[in-house]
Amino acid sequence: MTCTCKVPKNPDIRISLPAICFVWQIAMIILFGLFVRYDDESDAHWSEHKHKNNITSDIENDFYYRYPSFQDVHVMIFVGFGFLMTFLKRYSFGGVGFNFLIAAFGLQWALLMQGWFHSLDPNDVKVDFCIYIINADFCVAGCLIAYGALLGKVSPVQLMVLTLFGITLFAVEEYIILNVLHVRDAGGSMVIHTFGAYYGLTISWILYRPKLDHSKNLSGSVYHSDVFAMIGTLFLWMYWPSFNSAIADHGDGQHRAAINTYLALAASVLTTFAISSLSAKKGKLDMVHIQNATLAGGVAMGTAAEFMISPYGSLIVGFVCGIISTFGYLVITPFMEKYLKIQDTCGIHNLHAMPGVLGGVVGAITAATASESVYGHEGLVNTFDFEGNYAKRTPATQGGFQAAGLCVALAFGIVGGAIVGFILRLPCCWGDPSDENCFDDEVYWEVPEDEESIPPILEYSSHMVGKNTDMMSQSNYTVEQS
């Protein structure tokens with residue numbers, strides 16, 4: 001006789017989650033009321049600003065130039081990252097739902113943090129698309145990457161705390177890298193991907209679960225969950241050129257960033273398919289590789305996106321990334337879990353950490369080898385912003401600072417992740433799941449009892465196919481009778 005009783009779902013977040021959401025949102029309202037204002041291009045005094053600065057048309061408002069890129073990045077954050085995390089068979093609600101929660105909170109906190117660091121007047125944070133709105137999504141991306149390592153193993157309360165500290169660390173790290181060191185990193189290979197990945201991996205290491213194999217039956221995917229995750233992959237893949245070029249310099253820099261990313265992504269797809277097929281006995285493809293490693297070229301091209309790396313150089317970067325990322329899923333992830341005690345649910349080490357570091361190295365080498373014969377004098381100055389205090393900086397020196405920026409990103413990710421990890425380990429009302437209940441939506445969500453594994457659209461399709469089959473059978477029977 002088999003036991004049909006279910007393991008009790010132990011966490012109770014009825015008080016802690018509403019409390020943290022209400023308190024922090026009220027805090028955002030107060031802080032925005034005290035510090036945040038519209039910038040000149042979104043304020044009602046825009047007409048006066050136009051006359052004062054000899055602007056002849058509303059089309060010169062930066063909104064019309066930046067908003068298309070902002071839309072693409074926004075879709076990547078909420079749809080791309082969200083659906084990419086729905087691959088677990090019983091954690092689709094948590095993947096896309098908690099992605100939604102921490103992104104909505106994170107972008108508000110990011111607007112404040114970036115405004116305080118970048119504004120000349122910390123008491124008057126101006127909100128504009130050019131700097132803060134798009135960069136707020138970039139901040140959130142770093143925390144969503146970290147979430148990938150912890151998917152299914154932490155509570156929404158822990159995720160909110162992770163985001164609060166993650167955004168704060170990101171703002172400080174970004175300011176040091178981009179403003180103090182004057183590093184170029186338009187697509188965030190270092191600032192976003194390297195930091196976010198090692199931040200999440202370090203927290204996962206601190207929160208190691210020795211009995212996680214008790215939830216092993218839920219840690220995999222099923223057919224339809226992989227299909228939904230592939231939707232996230234395709235959204236990310238299509239919009240990644242916008243991600244890397246969104247805040248690049250107007251004109252040729254932004255144009256070049258989109259082209260280089262476009263080519264790197266295409267190359268990484270082919271090598272991912274190749275390595276995935278070679279790794280299987282009969283050449284069968286693994287959907288995990290296709291969902292993730294095909295995006296690695298976009299990650300690695302982030303730093304050098306607006307540089308003169310040349311089209312074939314972009315293809316080489318994508319070619320290499322597809323190989324190392326797929327190899328990571330095959331070899332490095334199991335090694336890290338077995339010997340380093342790092343449980344990486346989504347494999348962010350392979351998609352973000354290694355390609356992010358490679359992108360930082362490629363950016364440093366490309367910057368160090370830049371010359372006027374390739375860029376032209378004015379092009380060299382514009383690409384690396386060799387103006388003002390940096391007018392005498394040489395490409396070789398810039399390459400050294402690019403490498404230093406990579407070290408800063410690694411340090412902030414690892415040290416910051418260790419601090420936050422220890423905070424999340426403190427005995428508190430986190431409401432985190434037990435090892436037996438990881439990767440299960442029933443812990444935090446109301447899951448329909450009559451829906452086990454088939455999504456509505458597939459269930460409806462199966463019903464219609466069955467109905468049509470019955471109708472055809474009845475028709476054939478009538479013909480035979482006639």
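The chain as shown is numbered from 1 upward.
Cβ atoms are placed via backbone N, Cα and C, with glycine included.
Computed from a predicted structure; not experimentally measured.
Lifted from TrEMBL, the feature list:
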type     : residues : note
TRANSMEM : 15-36    : transmembrane segment
DOMAIN   : 63-426   : domain 'Ammonium transporter AmtB-like'
TRANSMEM : 73-91    : transmembrane segment
TRANSMEM : 98-117   : transmembrane segment
TRANSMEM : 129-152  : transmembrane segment
TRANSMEM : 159-178  : transmembrane segment
TRANSMEM : 190-208  : transmembrane segment
TRANSMEM : 220-239  : transmembrane segment
TRANSMEM : 259-278  : transmembrane segment
TRANSMEM : 290-309  : transmembrane segment
TRANSMEM : 315-332  : transmembrane segment
TRANSMEM : 403-424  : transmembrane segment
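Under 8 Å from some Cβ of the transmembrane segment (259-278) lie the Cβ atoms of residues 187, 237, 240-241, 243-245, 284-286, 289-290, 293-298, 300-302, 304-307, 309, 311, 313-323, 325-327, 330, all in the same chain and six or more residues away from its ends. Ranking 73-91, 98-117, 190-208, 290-309, 403-424 by CB pairs under 8 A with the transmembrane segment (220-239) puts 73-91 at the top. For the transmembrane segment (403-424), the partner stretch with the highest count of Cβ pairs under 8 angstroms, out of 73-91, 129-152, 159-178, 190-208, 290-309, is 190-208.
Within the chain carrying the transmembrane segment (129-152), a Cβ under 8 angstroms from the stretch's Cβ atoms is held by residues 62-63, 66-67, 69-70, 73-74, 76-77, 81, 85, 88, 91, 94-95, 98-99, 102-103, 106-108, 110-111, 113-115, 118, 158-159, 162-163, 166-167, 170-171, 174, 188, 191-193, 195-197, 199-201, 203-204, 207, 215, 218-219, 246-247, 342-349, 351-352, 417, 438-440, all 6 or more beyond its ends. Same-chain neighbours of the transmembrane segment (73-91): 99-100, 103, 134, 137-138, 140-141, 144, 147-148, 151-152, 218-222, 225-226, 228-229, 231-233, 235-236, 239-240, 242-243, 246, 288, 291-292, 345-346, 439-442, 453, counting only residues six or more beyond its ends whose CB sits under 8 Å from a CB of the stretch.
Long-range contacts of the transmembrane segment (290-309) within the same chain, counting only residues at least 6 positions beyond its ends with a Cβ under 8 Å from a Cβ of the stretch, are 84, 87, 184-190, 192-193, 226, 229-230, 232-233, 236-237, 240-241, 243-245, 248-249, 253-254, 256-257, 260-261, 264-269, 272-273, 275-276, 317-318, 320-322, 324-326, 328-329, 346-347, 350-352, 354-356, 358-360, 362-363, 366-367, 370, 374-375, 383, 402.
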